[in-house]
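Enquirer: According to TrEMBL, the record shows the following:
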type	residues	note
ACT_SITE	Lys190	active site, proton acceptor
BINDING	Gly8, Gly9, Gly10, Ser11, Trp12, Gly13, Ala138, Arg255	NAD(+) binding site
BINDING	Lys103, Arg255, Asn256	substrate binding site
DOMAIN	3-158	domain 'Glycerol-3-phosphate dehydrogenase NAD-dependent N-terminal'
DOMAIN	179-320	domain 'Glycerol-3-phosphate dehydrogenase NAD-dependent C-terminal'
Amino acid sequence: MNKITIMGGGSWGSTLGQVLTDNHNKVLIYDVNTNYVDKINNQQHPIFPQINLYNITATNNLQQAIDFSDIWVLCLPTQNIRVFLKQINLLFSNKKNFINVSKGVEQKSHKMIFQMVQDEIDSYKINNYACLMGPTHAEEVILRQISFLLAASHNPEFAVQISKLFSNPQYLKVICSDDVVGCEISSAFKNCLSFISGLISDPIIFGKNAQAAFITFCINEMEIILNFFQAHQKTVLSLAGLGDLIVTTFNENSRNYQAGLKMRQGNTLKQIYQNATQTIEGIYNLQVFYHLSVQNNLFLPLIHNAYQVVFQQKPIENIIKSFLIV
């Protein structure tokens, strides 16, 4: 039995907690949201009220969470992670193993999460680092529907350890990779593409034919961005790339898709943020990848046109028209 601390008890954090306890591990979830903590301690999923959790405890005591284990799962909004890492770096001295499951890039620095960990955690305290990405909606995993994930680490032995930790013979398989950069960037990039799929979701003129074409355009742009970051090109077609892209584009269970759809229906960006119950990484990351593309002359027409719609008030139809220009 392993002891694991999950930093962040929202939809995905609590679901992964149940996966780990299904696999006979001892789990403590940390969250500042006392409502989440109370629900988890009362065996209730904080986001899916009809779901019961088993053998998981939660706390809002950060020191308790830090001391509980040497394996930490980072499941926090990307834009909050750096501040959190600065805080916890002062509170421990022994080596820890970091597993990132958050999908995003820091807006201000354009850095990935593994880079923020390197920036903010003293190097002698980092035993191993891995990310765990793939096409997994929490509402399916919590029901123990068959799902797949990709564990990426520069240390292949740690990737195997993560695979064994999370894999469940009944419903979850974790495949190993050594492409941390590719997995983190593709997972962040697909958030933008999922948001864009909501922006253009018009069943009258944008049917299944166009949706299939849209996914191929997304793959083209994902290849460009992974090449820029010198990631493995095969990651584009992996669970963290194509797999995650398929499960989140035009999918009503995707928060990024829903945000794009609401904007198409007339909601302002401010209204979308105000009404969101969970973080919408796709909008933050849209700004990151737009500025990266401009600064480095990358041809990303989906990103460019969506940015102009969201931040420069251009008509949404410009995105669809751009597909048809020869």
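Even glycines carry a Cβ here, placed using N, Cα and C.
All annotation found in TrEMBL is predicted automatically rather than curated by experts.
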Enquirer: Among the binding-site residues Ser11, Asn256, point out the residue whose Cβ has the most other Cβ atoms within 10 Å, with all shown protein chains included in the count.
Expert: Asn256
Enquirer: Return only the integer: C-alpha distance in Å from Lys190 (active site, proton acceptor) to Lys103 (substrate binding site).
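Expert: With the alpha carbons as reference points, the distance is 9 Å.
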Enquirer: If I take every residue in the domain 'Glycerol-3-phosphate dehydrogenase NAD-dependent N-terminal' (3-158) and average their pLDDT values, what number comes out?
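Expert: Here the mean pLDDT over the domain 'Glycerol-3-phosphate dehydrogenase NAD-dependent N-terminal' (3-158) amounts to 97.
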Enquirer: If you count the other Cβ atoms within 10 Å of each Cβ, which of the recorded positions Lys190, Arg255 comes out on top?
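Expert: Top count of Cβ atoms within 10 Å goes to Lys190.
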Enquirer: Can you tell which of Gly10, Gly13 has the most other C-beta atoms within 10 Å, given these are the binding-site residues?
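Expert: Going through Gly10, Gly13 one by one, the largest Cβ count within 10 Å is at Gly13.
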Enquirer: Which residue among the binding-site residues Gly8, Gly9 has the fewest other Cβ atoms within 10 Å of its Cβ, if you could check?
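Expert: Looking at the binding-site residues Gly8, Gly9, the Cβ with the fewest others within 10 Å is that of Gly8.
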Enquirer: Within 8 Å of the Cβ centre of Lys103, Arg255, Asn256, which other residues of the chain have their Cβ, at the recorded substrate site?
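Expert: So the additional residues around the site are Asn191, Ser194, Phe195, Thr248, Ser254, Thr279, Ile280, Glu281, Gly282.
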Enquirer: If you draw a 10 Å sphere on the Cβ of Ala138 (NAD(+) binding site), how many other Cβ atoms land inside?
Expert: 22
Enquirer: Please identify which of Trp12, Lys103 has the densest Cβ environment, defined as other Cβ atoms within 10 Å, among these binding-site residues.
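Expert: That would be Lys103, with the highest Cβ count within 10 Å.
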Enquirer: Taking just the CA atoms, what is the gap between Gly8 (NAD(+) binding site) and Asn256 (substrate binding site) in Å?
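Expert: Roughly 19 Å, rounded to the nearest whole number.
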Enquirer: Work out, from DSSP, the number of helix, strand and coil residues along the domain 'Glycerol-3-phosphate dehydrogenase NAD-dependent C-terminal' (179-320).
Expert: 105 helix, 0 strand, 37 coil
Enquirer: What does DSSP say about Gly13 (NAD(+) binding site): helix, strand or coil?
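Expert: DSSP assigns Gly13 (NAD(+) binding site) to helix.
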Enquirer: Determine, to the nearest whole angstrom, how far the Cα atom of Lys103 (substrate binding site) is from the Cα atom of Trp12 (NAD(+) binding site).
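Expert: Roughly 11 Å, rounded to the nearest whole number.
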Enquirer: Kindly assign Ala138 (NAD(+) binding site) to one of the three DSSP-derived states: helix, strand or coil.
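Expert: In three-state terms, Ala138 (NAD(+) binding site) counts as helix.
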